[in-house]
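Enquirer: Reproduced below are the annotations present in Swiss-Prot:
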type	residues	note
BINDING	HIS65	O2 binding site
BINDING	HIS65	nitrite binding site
BINDING	HIS94	heme b binding site
DOMAIN	2-148	domain 'Globin'
MOD_RES	SER4	phosphoserine
MOD_RES	THR68	phosphothreonine
Amino acid sequence: MGLSDGEWQLVLNVWGKVEADIPSHGQEVLISLFKGHPETLEKFDKFKHLKSEDEMKASEELKKHGATVLTALGGILKKKGQHEAELKPLAQSHATKHKIPVKYLEFISDAIVHVLQKKHPGDFGADAQGAMKKALELFRNDMAAKYKELGFQG
């Protein structure tokens, strides 16, 4: 299920747009995740009190965490599938400390695609969307495999 060089290029081209403003992209991704799947908010103690989209938009903590999430994901995407070193600590914390189910990784992947479609329609056509979905699926599958190694059935 690997990506071709051309597919990785499509992924990294649009990711360059994300990196130009990681905090606002991260904020939008988390808001999209929480709006589409309110149950995911329960995994974030510091955001549980944010009930409305306006409250979420006003939260500097949410923006900061969104930037952290997308910075980590960007580091993984740039490895073009050779992301074992980057993935291991992420899987460890998400499986043992945060207990984030694999399903939630699917939800945030969908939120990322949604935000990219909205913010960068000219740079995120069908081919780029397909490549990004494949890259995010590769990430999720590898996270799930690590979860299994760690004995987490998320």
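Positions of Cβ are set from backbone N, Cα and C atoms, glycine also.
Mind mapping these onto the model and telling me what they sit next to?
Expert: DSSP assigns HIS65 (O2 binding site) to a helix in the three-state reduction. Long-range C-beta contacts of HIS65 (O2 binding site), restricted to its own chain and to partners at least six residues apart, with a cutoff below 8 Å, comprise GLY26, LEU30, PHE44, LYS46, PHE47.
The number of other Cβ atoms within 10 Å of the Cβ belonging to HIS94 (heme b binding site), over all protein chains shown, comes to 22.
Averaged across the domain 'Globin' (2-148), the predicted model reaches a pLDDT of 96.
Annotation for SER4 (phosphoserine): no spatial neighbours, criterion Cβ-Cβ under 8 Å with sequence separation of six or more.
Cβ environment of THR68 (phosphothreonine): GLY26 lie under 8 Å away, each six or more residues apart in the same chain.
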Enquirer: Pull the DSSP breakdown for the domain 'Globin' (2-148) and write it out as helix, strand, coil residue counts.
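Expert: Counting residues by DSSP class gives 118 helix, 0 strand, 29 coil.
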